[in-house]
């Protein structure tokens, strides 16, 4: 699937909760879970488009979940149905779902849930448990239960699910594969837990990006084989290859 640049119309742009929005575009898009698009709704400022993960896709539309964290995403959050938006993608390697089988744990935190919901939807032949951690109750995983065997929530304030961190009750030895996305400190812990139990883990890296096509090297990640670009060789990497910060 080759990336392409197109000008589309916003179908809907819904506020999911404080600071979190879901933007949808009508059309049929050939995408893989874990891939992303560059979104842009301005001409000059800010300079860069914004890399946003695919939250859902079907025969009718594609949806993106994003957090408002700066000028670019603030502009995106103000878009209305019918407004123009420029998109480039799909970008990145994504998850190869055909190679994942058996009992699977998806472990994610914060806005890192965005690519993992669409991943869960596509793991049709797997037995999936979905671990999601937040600071407080979140609506971003409201639709994931229909895709998984069990949804296991954790919140730091105890507003829903386990009070604490998403890794507290996670036992990697119970799974054939672990798939993870979220804050780097969380991913570091998940990788270490999986290494101790000899369970393969795939990590979807969240990195700042500029060009999205591998030219600028802004999004490089440290790996045991040297630096790799999250936008080209990633964002999905085998956890044992990465050098993460704890």
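A Cβ is built for glycine as well, from the same backbone N, Cα and C atoms used for every other residue.
Annotated features, as they stand in Swiss-Prot:
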- 3-97: domain 'FAD-binding FR-type' (DOMAIN)
- 50, 51, 52, 53, 72, 73: FAD binding site (BINDING)
- 211, 216, 219, 231: [2Fe-2S] cluster binding site (BINDING)
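In this structure, the binding-site residues under consideration are 52, 216, 219, 231, and the one with the smallest number of other Cβ atoms within 10 Å of its Cβ is 216. Residue pair residue 51 (FAD binding site) / residue 219 ([2Fe-2S] cluster binding site) shows a Cα separation of 11 Å.
Nearest Cα neighbour of residue 216 ([2Fe-2S] cluster binding site) among the listed binding-site residues (50, 52, 53, 72): 50. Those same-chain residues not listed among 50, 51, 52, 53, 72, 73 yet with C-beta within 8 angstroms of the centroid of the FAD site C-beta atoms are 36, 38, 39, 49, 64, 66, 76. Summarising the FAD site geometry, the residues cited as binding it (50, 51, 52, 53, 72, 73) extend over a maximum Cα to Cα distance of 15 Å. Counting other C-beta atoms within 10 Å of each candidate's C-beta, the binding-site residues 51, 72 are led by 51. A helical conformation is recorded for residue 73 (FAD binding site) in the three-state DSSP classification. Calculated from their C-alpha atoms, the gap between residue 211 ([2Fe-2S] cluster binding site) and residue 50 (FAD binding site) amounts to 10 Å.
Note: the CA-CA distance between residue 72 (FAD binding site) and residue 231 ([2Fe-2S] cluster binding site) rounds to 19 Å. When the binding-site residues 50, 53, 73 are compared by Cα distance to residue 219 ([2Fe-2S] cluster binding site), the shortest distance belongs to 50. Annotation for the binding-site residues 53, 73: lowest Cβ count within 10 Å of the residue's own Cβ, 73. Each residue contributes its Cα atom, and for residue 73 (FAD binding site) and residue 231 ([2Fe-2S] cluster binding site) those atoms are 19 Å apart. A Cα-Cα distance of 12 Å separates residue 231 ([2Fe-2S] cluster binding site) from residue 53 (FAD binding site). Taken residue by residue with DSSP, residue 50 (FAD binding site) is part of a strand.
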